[in-house]
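*Asks:* First the structure, then my questions, so here it is.
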Amino acid sequence: MRNILLKIYDSKFLNQEESYQLFTLISSGKITDIKLASILTAMKIRGESIEEITGAIKAFLDKMKYFPKPDYIFSDIVGTGGDAKNTINISTMSAFVAATCGLKIIKHCNQRISSKSGSSDILEKFNINLNASPEKSRKTLDQLNICFLFAPKYHDGFKYSNNVRTDLKTKTIFNFLGPFLNPATPPLSVIGVYNKNLINIAVNILKNLQYKRAIVLHSDNTDEVTLYGTTYVSELLNKKIISYQLQPESFGLKMHPKKILKINSLEENYHIIKEIMKGKGSKLYEELIAVNVAMLLKVFGYENLKENTKLALNKIRSGDVYKHIRNVANMLKEDNHARHNT
């Protein structure tokens, strides 16, 4: 451990194994707060390497609680957050639309970081039980194509660093781990990053973690596809990485001149999303969700983005997505009651 600390304090990078050892200790509560603060600060000042981030991810994955992983193909869709845009929860709603289209989605979710409402906050507004047992979540996935794994329920190793991270009041390596810590370890993923410079880092981490296929994207300082600018993409397929750019026309849509209005509260977020999922939302919001679903369909092998967008729009406008949300909530109610009665 001493050699690892000396390397960090000398502004030298750790290899993946050294990082794994360090974060195994951190996730076990074996590093004091003052030492942890110095480690995180030193790493932030010199910048964290792909190998260091990969080692940290593997350390937390090895300590996560069990989830019965399916033997069929499934994906996650997640954003890093941190863009401070306070828009509606695009990735969460895209997951529901994709499930309504027949894709299997296991979404790793957490509480809000910089937005007015995180994925778990909006799910609870829709009465989705995030404390469902792993077995119940898996059953919901099998029958309704989707389940949500709440990060604090599966990753209790983070509790040892929460106070230090709060006191530091700055982004650290921890802020970049979440999208890679899905307890089901999916073979597919779509990840949005808040900074264009993070695309290459994220896609190489996915390669290190041996994802089968994945997309990392960024557009207009947000962690999602937008309709008013260029979307920058790096895609991992068969261990090879390709990069390209997309415009709204790539999805068969027109450029929107105005940007999404900021959301001021959880209640406003919920109301807007509810109307969209009922097929009564604005065209801009419908299309914004649809293009993100199109990228999710792509990692499943549906390569035509224009056709993918049409399929997603049809599902959204039919109102079927809202019905699907209600079905998921109702299926999880039984487990919710059982939890409160034990």
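Each residue's number is its place along the chain shown, starting with 1.
Each Cβ is built from the backbone N, Cα and C atoms, and glycine gets one as well.
Pasting the relevant annotations from Swiss-Prot:
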BINDING   Gly79, 82-83, Thr87, 89-92, 107-115, Ser119  5-phospho-alpha-D-ribose 1-diphosphate binding site
BINDING   Gly79, Asn110  anthranilate 1 binding site
BINDING   Ser91, Glu224  Mg(2+) 1 binding site
BINDING   Arg165  anthranilate 2 binding site
BINDING   Asp223, Glu224  Mg(2+) 2 binding site
*Asks:* With H, G and I counted as helix, E and B as strand and the rest as coil, say where DSSP puts Asn110 (anthranilate 1 binding site).
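*Replies:* Looking at the DSSP assignment, Asn110 (anthranilate 1 binding site) belongs to neither helix nor strand, so coil.
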*Asks:* Which whole-number value in Å describes the distance between the Cα atoms of Ser91 (5-phospho-alpha-D-ribose 1-diphosphate binding site) and Asp223 (Mg(2+) 2 binding site)?
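*Replies:* Given the Cα positions, Ser91 (5-phospho-alpha-D-ribose 1-diphosphate binding site) is 9 Å from Asp223 (Mg(2+) 2 binding site).
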*Asks:* Name the residues of the same chain, 6+ apart in sequence, whose Cβ is under 8 Å from the Cβ of Glu224 (Mg(2+) 1 binding site)?
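*Replies:* Glu224 (Mg(2+) 1 binding site) has long-range Cβ partners Gly79, Ile90, Ser91, Gly192, Leu217, Leu288, Asn292.
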*Asks:* Have a look at the binding-site residues Thr87, His108, Asn110, Asp223 and say which one has the shortest Cα distance to the residue listed as 'anthranilate 2 binding site'.
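*Replies:* With Cα distances computed to the residue listed as 'anthranilate 2 binding site', the winner among Thr87, His108, Asn110, Asp223 is Asn110.
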*Asks:* Between Asp223 (Mg(2+) 2 binding site) and Thr87 (5-phospho-alpha-D-ribose 1-diphosphate binding site), how many Å separate their Cα atoms?
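*Replies:* The separation of the Cα atoms works out to 11 Å.
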*Asks:* Take the Cβ of Asn110 (anthranilate 1 binding site) and count every other Cβ within 10 Å, whichever protein chain it belongs to.
*Replies:* 19
*Asks:* Taking only same-chain residues 6+ apart in sequence, whose CB is under 8 Å from that of His108 (5-phospho-alpha-D-ribose 1-diphosphate binding site), what do you get?
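*Replies:* Set apart from His108 (5-phospho-alpha-D-ribose 1-diphosphate binding site) by at least 6 residues yet with Cβ under 8 Å, we have Asp76, Val78, Leu149, Ala151, Gly178, Pro179, Leu181, Asn182, Pro183, Ala184.
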*Asks:* What count of other C-beta atoms do you get within 10 angstroms of the C-beta of Thr87 (5-phospho-alpha-D-ribose 1-diphosphate binding site), across all chains shown?
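*Replies:* Around the Cβ of Thr87 (5-phospho-alpha-D-ribose 1-diphosphate binding site), 20 other Cβ atoms lie within 10 Å.
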*Asks:* Where does Glu224 (Mg(2+) 1 binding site) sit in the DSSP three-state scheme?
*Replies:* coil
*Asks:* Please classify the secondary structure at Ser91 (5-phospho-alpha-D-ribose 1-diphosphate binding site) using three-state DSSP.
*Replies:* helix
*Asks:* Within 10 Å of the Cβ of Ser91 (5-phospho-alpha-D-ribose 1-diphosphate binding site), how many other Cβ atoms can you find? Include all protein chains, please.
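*Replies:* Looking across every protein chain shown, the total is 23.
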*Asks:* Just the number: how many Å between the Cα atoms of Thr87 (5-phospho-alpha-D-ribose 1-diphosphate binding site) and Asn110 (anthranilate 1 binding site)?
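*Replies:* Their Cα atoms are separated by 16 Å.
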